[in-house]
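Notes follow the structure.
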């Protein structure tokens, strides 16, 4: 393998990346389920959320504030829109990075209608002053707006209409306890099972007017990393291949051939993932090897290897992070069809000078 091939495999460009690009955002709007009955997967979350929303409607009150955590692409934004739809309320969408000052948040909160849903994505990235203002807004439906500066500054209380905050985060551990405690309902979104992704793919194919058989859907689902967003993206690329190279019908063979062109293998690994594994196995005998050394060997930044490639490899049981460095598992050797050397025993070797 040419190690230079992986140098442009950034998180935003990866076909199997979970972050949404502009095409994803446009297509997801058309594919997004409108209510809880249409939403596929996350059975426990759906059941619990349904109870919360039904009870709120029965009381004629706004819903409790909701915190949704989990990896990108699992449906947090979709659920926020479903919450608004189920409550018959409008929704306002913003994100933590967009709220850097308390005044930014005050402007949004003061313009909310009664019962409106405020969706705050990446809530863990909100600034501390805005975060502290949110405490009072969530609990008492009021904020204190500071007018003036220095000794002459005064706090003017501003009453807010009752609203529902839906916060979404990929890093729930970064939320301070006072903020987490103010959410009446908290749910963690799990990765999807293959059979759930098959249902997602069949539904999306119907909406996109794409003909696909059950084995074709299963082939795509198996490479989708447990993430509906990735499943829908792979479906679109396989659709393109089927239209150009075949009769437009997606079968298992067509799906496999298409994803081979796009370099997504049977377990959902792409060029960057395989580059990391091949370097670890072929150059370092399976490890342990330090992260910095491994990144140099792959031709990527340390952060790219650690934050983009490694999480999925660890989740798949192909790579282990140890105090002495990165170590390939027996499953990694098997996946690449390689035979481990006699001393590749899962981390008993000597680490390198760069550390883990």
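In case you wondered, yes, glycine gets a Cβ from its N, Cα and C as well.
With 31, 32, 73, 76, 77, 78, 139, 140, 141, 182, 192 listed by Swiss-Prot as binding ATP, the candidate from 229, 233, 236, 237 annotated for that site turns out to be 229. Note on the region 'Small ATPAse domain (RuvB-S)' (193-263): DSSP counts are 50 helix, 4 strand, 17 coil. When the Cα atoms are compared, residue 139 (ATP binding site) and residue 326 (DNA binding site) turn out to be 45 Å apart. Separation of the C-alpha atoms of residue 302 (DNA binding site) and residue 73 (ATP binding site): 24 Å, rounded to the nearest whole number. Of the binding-site residues 141, 192, 192 has the largest number of other Cβ atoms within 10 Å of its own Cβ. Across the region 'Head domain (RuvB-H)' (266-356), DSSP assigns 41 helix, 9 strand, 41 coil.
In this structure, residue 141 (ATP binding site) belongs to neither helix nor strand by DSSP; it is coil.
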